[in-house]
Amino acid sequence: MARNKIALIGSGMIGGTLAHLAGLKELGDVVLFDIAEGIPQGKGLDIAESSPVDGFDAKYTGANDYAAIEGADVVIVTAGVPRKPGMSRDDLLGINLKVMEQVGAGIKKYAPEAFVICITNPLDAMVWALQKFSGLPAHKVVGMAGVLDSARFRYFLSEEFNVSVEDVTAFVLGGHGDSMVPLARYSTVAGIPLPDLVKMGWTSQDKLDKIIQRTRDGGAEIVGLLKTGSAFYAPAASAIQMAESYLKDKKRVLPVAAQLTGQYGVKDMYVGVPTVIGANGVERIIEIDLDKNEKAEFDKSVASVAGLCEACIGIAPSLK
């Protein structure tokens, strides 16, 4: 049986990390694509030269032509401009929308059967535009946001409670922006919901609120520290988890930006919700009950994404 083919559009910090992780996990052969000549070729060769040490078999190809992604099983899109200090994810809109148009055309021509994972910010608007530009079915095009946001939430909670990250489950809904909705009620430590842990005296509501805010600011915190770029290790790990669930038909329950068709009262928009990811892409969207406050926060997040999509239509009327 031939190996799977994983195409990475964009060979920056996230692209390079994705390529390395895909090799370490032996998910398949990797094509690194970038418009900058030499970068994908150099990174591909460097990672390939690490394979004898780490003991994995994968072929690495660097390319500057979309033809190289032909027949890819998974395409992960990181192309675009990253955030710089003081920039919001939304400031990137105009620049990265043009990139999505080119990427969408490349995927449509060479990898129409692929499962596509978008990482480019502003995430929810970019994955929405990418699906329209590529013409791929919506269940095969998703955005990576919720896995990362939930991972940040889980890490902060594990630090607060001094327990293993593996025993913390966390839930983040909504857009991948400052209005994301980390849900304490559906987040647990060894099955015990966070509100119960507050009652048990493990933490205070005030501390929990601060952790929720830190989760919202997670990306900006790293941008502020790095000064010349944005996060790449955790975003890459998150996208690889999604790709692995698809390639191995694991049917993991993962929060991703998926196209809603009426769930949560939302239509024709990509928003972060819990899904089941298997060999058919998004196989199920899980609609959980939200209380009044959670629903209000979720609706606010959706409104923020809707505003970005409207702005996209203003720039590229063909998206309407």
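All positions are counted from 1 along the displayed chain.
The backbone N, Cα and C atoms fix where each Cβ goes, and this holds for glycine too.
Here Swiss-Prot has Gly10, Ser11, Gly12, Met13, Ile14, Gly15, Asp34, Ile119, Thr120, Asn121 binding NAD(+), and the candidate from Asn96, Asn162 in that same listed site is Asn96. In this structure, of the recorded positions Arg83, Arg152, His176, the smallest number of CB atoms within 10 A of the CB marks Arg83. Neighbour counts of Cβ atoms within 10 Å were compared for the binding-site residues Gly10, Gly12, and the top value is held by Gly10. Nearest neighbour of Gly12 (NAD(+) binding site) by Cα distance, taken over the recorded positions Arg83, Arg152, His176: Arg83. For the pair Ile119 (NAD(+) binding site) and Arg152 (substrate binding site), the Cα-Cα distance reads 16 Å.
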